[in-house]
Amino acid sequence: MEFSSHKKRKTKPQSLIVDIFIWIFLIGFATIILAPLVFMFTASLMPSSDVMRLPYPWIPKTFYWQNFWQAIRGNDGSFIYIRNIMNSIIVATTVTVSTVLLAAFTGYGLAKFPFKGRKIIFLLIMTTMMIPFEAIMIPLYLIVTSFNWQDSYAGLIVPFLTNAFGVFLMRQYLITFPDEIIDAARIDGASEFSIFWRIIMPNSLPAVATLAILTFRSQWDNLLWPLLIVQSEEMKTIPLYIIKFSSEKYTNEGAMMAVAVIASLPMFIMFFTLSKHFLSGSTLFSSRKG
Amino acid sequence: MPRKQKRSHRGIERKKAIWGWIFVSPSLLFFSIFSFYPIANAFYTSLFKKDLLSLRPPKFVGLKQYTYLLSSPTFWNSMKATFVFTMGTFVPLVVFSMVFAAFIMSRKRFQKFFQMAYYSPAVLSSVVAAAIWLLILDPRGLANQFLNFIMNTPGIDHKWLATVGMVRFSTILVYFWKYVGYFTIIFIAGMASIPRNFHEAARIDGASSWQIFWHITFPLIKPTTLLVSIVAMIQCLKTFSTQYLFVQSGAPRSPIDVITLNIYFTAIRDHRIGRASAMSIILFGIMLFFTWLQLRVSRSEEVSYM
């Protein structure tokens, strides 16, 4: 007791200043980092004249909902944004479901079934992790055009049906899964597919959730690939709509931010409800298990 | 072991092997078509003079595309733009995310709040991030207001999207803003894995917070630091969206003509597939090197706390 109070008295004066400095530093940077986000949300509710006013009025006087109307309506009144949002949802959802299923499928095969060449196959799949998308996008583009898939869902979806990182993740996760449970199910007469579906999948929820978030986000964010293969307005995805909207002449700034808010909403809702998975997803590659 | 049992055991092994192949083959087929074949094809195409729309058969030119690129000022400009962007982004990213993480970890309260606040830009898609900043960096926008307020220079336009230096700086700013929270979280995970009693022991020995950070935390998170550096670098080498949106909105292209942007324009706008492929292969080579480095580092990542 005495010892601890002695220690406190000794370190308090100097560390109080440090303490206050750290608080100011953290709060200051939090403010700077959050400011552009606050700007996006507030500007989406202001007429353009207010968005570019000096100094910026951080609180909208009245909620100017017309921006959202114009964002959806488009500068030409075609309402194509709704279609583009649907495209993004279709592509991101399909890719997420198939990536999770195929990665779990393959990860399970690699983790629990000893067979000749398993190591080599695992190694091969790992090497594809080293091939950056940017290096193969031109040949991919040629493949997709040779299938006549440009400007189609197939073209947007098929090249991303699974990915090596997902396989890696699922294998690492499943390798520690107890063999006894699988064997018990086999003895009970369960087929291999039903073991996968009824036992492996439900028990991999943490890994599946993380992989699903990462995949959905990367597709929601994908600009380069749709930019290559989509020509028609109907097949554009959200990032392409943003590019088009922001580079048109009569764009007003408030509506531009409304477009951005709509595009970000699903990710923000996911972030606030599943923040645990978001944060753990970021730390995945620094996890120590090899 | 009786023979019958042995045979049935071998039967199970065989069955398992077959099922292993069944589970593995869909992905294997996929990777063959959409990863292995394209990379081989990229290399093959890079040896040809091939035009996207031309009906003439591609002409074999050997390594000419590469020698052309190596003597092309536009290509070197791209290398320079990529280099400037990568170095300018990843150094502050690593330094700041480490400091943020150390400070957040030193707090007893609001840790979760700060983590989420710093991370939140990473949730946005990169095009949205670029679109927000496009308005902030507008001559009438917040960036000028903020800078003029700090430097007390009312009414000056700092030309964020116009001059060579500033437009480069602007892309770096966007990227830094978007990713700093992401790496902060990774550092926090690294720091959280250091056993608590290390700090307590040091504190009892009378070490100050700074000494504890410098002599205990910092050396122990060295693997995380290395890993974050390489990952951030690979990430920066792939940058595309910010530069593309800025160029589309009227910023000059050449200062921010990073290699991905150049590949895109060469292939899609100039229809030079062979040359774009050669650039892709060069980019692949550079990134392969860093990925190899990352694997080596993460293998030796195991820190011993003995």
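Each residue's number is its place along the chain shown, starting with 1.
Glycine too: its Cβ is placed from the backbone N, Cα and C atoms.
TrEMBL has this to say about the protein:
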type	residues	note
TRANSMEM	A:20-46	transmembrane segment
TRANSMEM	A:85-108	transmembrane segment
DOMAIN	A:85-274	domain 'ABC transmembrane type-1'
TRANSMEM	A:120-144	transmembrane segment
TRANSMEM	A:156-174	transmembrane segment
TRANSMEM	A:195-216	transmembrane segment
TRANSMEM	A:254-274	transmembrane segment
Long-range Cβ neighbours of the transmembrane segment (A:254-274) (under 8 Å; 6 or more residues past either end): 39-41, 43-48, 50-51, 64, 66-68, 70-72, 81, 85, 209, 213, 216-217, 220, 238-239, 241-242, 245-246
Residues from the same chain, set at least six apart from the ends of the transmembrane segment (A:85-108), whose C-beta lies under 8 A from its own: 125, 153, 156-157, 160-163, 166-174, 196, 200-201, 204, 208, 211-212, 215-216, 219-220, 235-238, 262-263
Residues of the parent chain within Cβ reach of the transmembrane segment (A:195-216), under 8 Å, 6 or more residues beyond its termini: 92-93, 95-96, 99-100, 103-105, 108, 163, 165-166, 169-170, 173-174, 177, 181-182, 185-186, 270, 274, 277-278, 280-281, 284
Beyond the flanks of the transmembrane segment (A:120-144) by 6 or more, those residues with Cβ under 8 Å of it: 106, 110, 150, 155, 158-159, 164-165, 167-168, 171, 224-225, 228-229
